[in-house]
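J.: Take a look at the following structure, please.
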Amino acid sequence: MKYYLQKLIDGHDLSMVESEAAMGQILESATDAQVGAFVMGMKMKGETSDEVAGFAKGMLNVANMIRPKVDGILVDTCGTGGDRHNTINISTAAAIVAAAAGVTVAKHGNHSFTSLSGSADVFKELGVKIDLEPDLVKSSIEDIGIGFMLAPKFHPAMKRMVGPRKELAVRTMFNILGPLTNPTGAKAQVIGVFDKDLCNLMAEVLKKLGKEHVMVFHGDGMDEISTLSETFVAELKDGIISNYTLTPEELGVARAKATDIVGGTPEENAHDLLYILNGEKGAKRDIVVVNAAAAIYVAGLAISIKDAIPLAEEAIDSRKALNKLKELVEFTSGNKVDNEAFNTGQSLRNEVC
């Protein structure tokens, strides 16, 4: 570890191989003092795409990986978090809608660190058993087309980073590694980031990690495609990274206000998700639809995100998305769900029977 620290002190970048090895030491043998010094030294220098790709590889080397056997491409909708608008759980709802539209979804997520409700929190509120063993998540993806991977279950080595991260209390490279370390090795992803300046960096990293089709975006303070204003996108496709912006008008949805999509506790966000899947129209549905459309697009089921929007809408209006959520709850919990709760937007965590 001393070698890597000295390189940072001297202002030198690490190679991808060095970064991978450094992450291995961080997760296995480095002291808390060494970890803190390394992380802050890297933050002050600024991470390169080679370094971040190496860190991701180092994490994946010790992860509990799974390889679902599926037709087509696996897609993840995991973002970095850091939403300044405290919205509903958009990427969680989008994952369900995309799965109902025919996308095979390997959803990587965690409990909330930056908001009231993370993907794990709202899934738990809905009745999904979130801490399945890896082999059961693999079966979920293969059998029903969607699975949820709770990050600590698949990245147990990261447990030793909880203390140092809390003590540092600033954003570091670990805030962006979650979406880069999907335990299935999903080749297609839609990733929202908390800072526009991260879009191209993340796209470059994902290219180096061998991804095939990725959209990395930031919209008006959100790690989502925004319906409040324009969204900046870095898209990786066929080995080429391109930049462009998306507006609500281009996507055919109404421009919303921040108050229209505000979320709350896991229970409140679970209610909102069920209202959307039961067909309730409005700004919350619109932002879920455009983000689900992005997942449908990178999966290759539509030629553009705009062309994917009707597929997302149909998945909701036909109740396929609601039924997909029921499948996920029943598969993971082993219990039948309360249909009345699903159809009225009640919390399901205590309603499975």
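Positions of Cβ are set from backbone N, Cα and C atoms, glycine also.
Note that the coordinates shown come from a computational prediction; the quantities given were computed from them, not determined experimentally.
Reproduced below are the annotations present in Swiss-Prot:
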- Gly79, Asn110: anthranilate 1 binding site (BINDING)
- Gly79, 82-83, Thr87, 89-92, 107-115, Ser119: 5-phospho-alpha-D-ribose 1-diphosphate binding site (BINDING)
- Ser91, Glu224: Mg(2+) 1 binding site (BINDING)
- Arg165: anthranilate 2 binding site (BINDING)
- Asp223, Glu224: Mg(2+) 2 binding site (BINDING)
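Are these features on the surface or tucked inside, and what are their neighbours?
T.: Neighbours of Asn110 (anthranilate 1 binding site), defined as other CB atoms within 10 A of its CB across all chains, total 20.
In sequence order, Asp76, Cys78, Met149, Ala151, Phe154, Gly178, Pro179, Thr181, Asn182, Pro183 make up the list of same-chain residues 6 or more apart from His108 (5-phospho-alpha-D-ribose 1-diphosphate binding site) whose Cβ falls under 8 Å from its Cβ.
In the three-state DSSP reading, Ser91 (5-phospho-alpha-D-ribose 1-diphosphate binding site) counts as helix. Neighbour density for Ser91 (5-phospho-alpha-D-ribose 1-diphosphate binding site): within 10 A of its CB lie 29 other CB atoms from the protein chains shown.
Taken residue by residue with DSSP, Arg165 (anthranilate 2 binding site) is part of a helix.
If you take the C-beta of Asp223 (Mg(2+) 2 binding site) and look for same-chain residues 6 or more apart in sequence within under 8 angstroms, you find Gly79, Thr80, Gly81, Gly82, Asp83, Gly192, Val193, Phe194. The DSSP secondary structure for Asp223 (Mg(2+) 2 binding site) is coil.
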J.: Would you mind ranking the binding-site residues Thr87, His111, Arg165, Glu224 by how many other Cβ atoms sit within 10 Å of each Cβ and giving me the lowest?
T.: His111
J.: So which binding-site residues are near Ser91 (5-phospho-alpha-D-ribose 1-diphosphate binding site), with CA atoms within 10 Å, out of Asn110, Arg165, Glu224?
T.: Glu224
